[in-house]
Each structure stands twice: as structure tokens, then as C-alpha cells.
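Right, one structure below, let's go through it.
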Amino acid sequence: MEIESNTKQQVIVIGLNLKNNPRFNYSMEELTNLVTANNMEVVRTLVQKLDHPDAGTYFGKGKVTELGQLAHAYQINTIVANDELSPSQIRNLSKATGANVIDRTALILEIFANRARTREAKLQIQLAKLQYQLPRLHTSASQRLDQQTGTSSGGGFTNRGAGETQLELDRRTIGRKINNIRHDLKTVAKSDQTKRARRNETNLPNVALVGYTNAGKSTIMNQLVQRFGEHEKQVMVKNMLFATLDTKVRHLQFSDNKAMLLSDTIGFVSKLPHQLIQAFKSTLHEAANADLLIQVVDFSDPHRQLMMDTTKKVLEEIGITNIPMINVFNKADLTSERYPSFEDSNSLIMSANDSHSIDTLVDLIRRKIFKNYITKTLLVPFNQSSVVAYLNEHANVIQTNYLANGTKIKVEAPKEEMGRFQKFDIK
Ligand SMILES: Nc1nc2c(ncn2[C@@H]2O[C@H](COP(=O)(O)OP(=O)(O)OP(=O)(O)O)[C@@H](O)[C@H]2O)c(=O)[nH]1
Ligand SMILES: [Mg+2]
């Protein structure tokens, strides 16, 4: 549900531009989007150029004073920092400004906590939050963060009363909770593995949509499911960061009896908290096992190259390398670019809302994943009609003729599959 803008919590965002980082503006813009995604509103932005963050207060002394004055003048009681801060930086900055200080990691964890829907996603985010809180147990800022999160997400320790939660949070309790969650996650992972094994048995090509959050992955998934899958299996699309938090796999069936599995995955963002990397790893099995990755990029975003770099980095971080990838430069309808068109043979400029674009994308995907298909003409004796029936059901039958000595059938199938019918081969 949307909350009216006047009820949004107003915040000041702060960031350090270390050594004139060329990605700095992009990361500040991203932070603003993350703040908005967490139903808060950026009122002011304050940045400082430094070579290193101040070990005690993140910003340098003069800037901290300026921040305190700004917070006072605008009556803002929450400050969001663009980096992960140490517990003492949070404590000192909070004390010096009189405001609650949240760092980028806590913000992302908070968004995830509010979005998580499935049991696995909820467990993963609880685990990440506990790992974040463990070294911060005694900071006043973490108390406030606990109080905020205590009311916002379901499941686990967070749905108890805020005061009670704080009292309970000693290291031992957290340690025990972490163990319990790990145990629960193993059980969930086991049932997922079974499902995955069942899917792998089908031997279908696996294609995964990956990329930066809000690029249009789920929209593309829905367009493809609508045409080639079961209509009712649409996934959620929303104009917000991290709309998708769990991988969804759909079976797509083409009219020529070829089929594939398509996975929609969680979106990426830069400087992903390391506590969340494991969560990403476990929800990205499908991408890790894919035969083809489709990287979806918001082509209308001026930072698209940095977003692609982010995707590359996150994929590397979670160990997904060496899988063939095509690029979909989506949302071209918001630009003056002609679409659908190819930037190069692996990069399609398109719009998910345009059916011609979707056709072109499907062609591209099919060219990549059905490379191993070959066409043969077979002559199957009439007493082996089950072979003809099998081919009609599982392969792409292009032409059938009934001759005196059997059924002549021109058929397209994967090379390995075709080997089984070699004895009927007449060409
Ligand atoms: N104009 C335009 N909007 C698009 C296009 N594709 C997607 N959108 C919109 O972009 C927003 C995000 O789309 P999603 O499909 O949810 O994006 P996503 O990549 O799945 O995002 P996450 O799940 O957060 O990673 C939605 O408001 C879509 O309607 C497009 O080609 N053109
Ligand atoms: Mg999505």
C-alpha cells in the first residue's frame, strides 16, 4: 500500500566522496532511491570530499557541526549515510547531531525485511539482520533501528514488542537465533533442492533473467509467460527497488514443441551488504545453473553502464561466472532510440511493452539455447508407430508422409536425442 507523502519520514542523506570517486554521484542517487523505497523522503543531501572517512565520526569535524545545524534547522531526526559505518561512528555521529543515524547496510536490510514474503526470504533477511546487529548490540543507534524494524516485518524476533526485543538481545540469544535460522534454512534448501532436481530431470534449457533492480526483469518474464506459459503464473511487477526477492521459475512451451525454463531473480544494487551476499547466493541457484543469462538493463537510465558494472560485480561475488549472457537494453520507449534493434549480436535494444520487441527477444533466446537442434528425415516402419507418436509429442515435426514401407518424417530435435533414432535415418 502506498503511504501518502506527507506521512513519510524526512531524512538527510550524507555521503563521502573518497578520492574523487567517479561512481560517487551514481551511488548517492542510488541511496536516494533506496531511501524512497523505504518510504522515507530525502530533504537535504550533504557530501564531503575526503581521502579517508574520519574513524570517529565518518565526516570531518566541521562537516559534523554543519550536519548537526542542518538537522536542527530542518527538524530532521534521521540521517542516512551512504556507507556502512562502524558502531562507534554511528554512536558519535548520532551524539554530535542529536539525530538517529542509519547506515546504507541497515537501510538495505530494512527494505528487504519489509519486502520479504516467502519463508526462505524471511529467514535469510532475519539472519542478515542478526549478523549486522551482533557487533552493534550496545550502540544507541542500533536500539532505535531495532525499534523501527520491530514493528515493520513479520516473523522471527522482529514481531515481538520493541522494548522486550531490546532487553532480550544479548549476544547469546542472538547466537542461538542465528543457529536456529541456519537450521531452518537448511530444511528449506533441501525442499528447494528436490524441486530443482525434478526440474533438471526434464533436461530443458535453463534461462535466467538477471540485472539491476527495477530494470524490468519481471515485466519481461510476464510477457513471456503470457505467450508461452500458464497465464495465471504471472509474477509481481512494481516500480520500486527490490520488488522481486525470490527466484520464480516458469516453464515456457513453444509451438514447435521446444521448451525452456525461465527464472526471474532478485535485482542487484551496488555496495550490497556482505551479510546479504549469502542470501543472494542461495536465492540465485537458478542463475548459477543457467545455460543462458539475460541481463536486463534500464536503457533510459543515464547510469546504465554503472548498473551493468554492478551486475557484473555482484555476479562475480556470488560465484556466477562463465555463463553465456545476452543484454536486453529495456525501456527504450523512454528514449529516442529506435527499437527493437540490435546494438550488437548479443545486445537487444527493446521495450517490454512492445510485442515486436518481445518477438525479437524470443528469437534471440531461441537461437542461443536451441543451437544443438538438428533436422533429419527418418523412415519409421509402421510396426514402430510409438516412435512417431513420441516424436510428435516431444520434437518439432516439420513434415510427415505415409509411404508404402513406413512413415517418412522430417523432424528437428536436440542432437543427443536424435542419436536414438539413427537407425531410421534416411539421409
Ligand atoms: N516504460 C517502460 N517501463 C517498463 C518497461 N519494463 C518495465 N517497466 C516498468 O519498470 C518498473 C519495474 O519493472 P519490474 O519488471 O518490476 O522490474 P524488475 O527488474 O523485476 O525489478 P526488481 O524485481 O526490483 O529487481 C515497473 O513499473 C514496470 O512497469 C519498459 O520497457 N518500458
Ligand atoms: Mg522483479
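Cβ atoms are placed via backbone N, Cα and C, with glycine included.
Per TrEMBL, the features are:
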type	residues	note
BINDING	211-218, 242-246, 264-267, 330-333	GTP binding site
BINDING	Ser218, Thr244	Mg(2+) binding site
DOMAIN	205-373	domain 'Hflx-type G'
REGION	140-169	region 'Disordered'
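Here the Cα atom of Ile266 (GTP binding site) is found 5 Å from that of Thr244 (Mg(2+) binding site). Among the binding-site residues Ser218, Asp246, Ile266, Lys331, the ones whose Cβ sits under 6 Å from an atom of ligand 2 are, in sequence order, Ser218. Summarised as a single figure, the pLDDT of the domain 'Hflx-type G' (205-373) averages 92. When the binding-site residues Asn214, Ser218, Ala243, Thr244, Asp246, Lys331 are checked against ligand 1, Asn214, Ser218, Ala243, Thr244, Lys331 have a Cβ within less than 6 Å of one of its atoms.
Thr244 (Mg(2+) binding site) is 9 Å away from Asn214 (GTP binding site) when you measure Cα to Cα. Counting other Cβ atoms within 10 Å of each Cβ, the binding-site residues Ala243, Ile266 show the lowest value at Ala243. The CA atom of Thr244 (Mg(2+) binding site) is located 18 Å away from the CA atom of Lys331 (GTP binding site). According to its DSSP assignment, Gly211 (GTP binding site) is in a strand.
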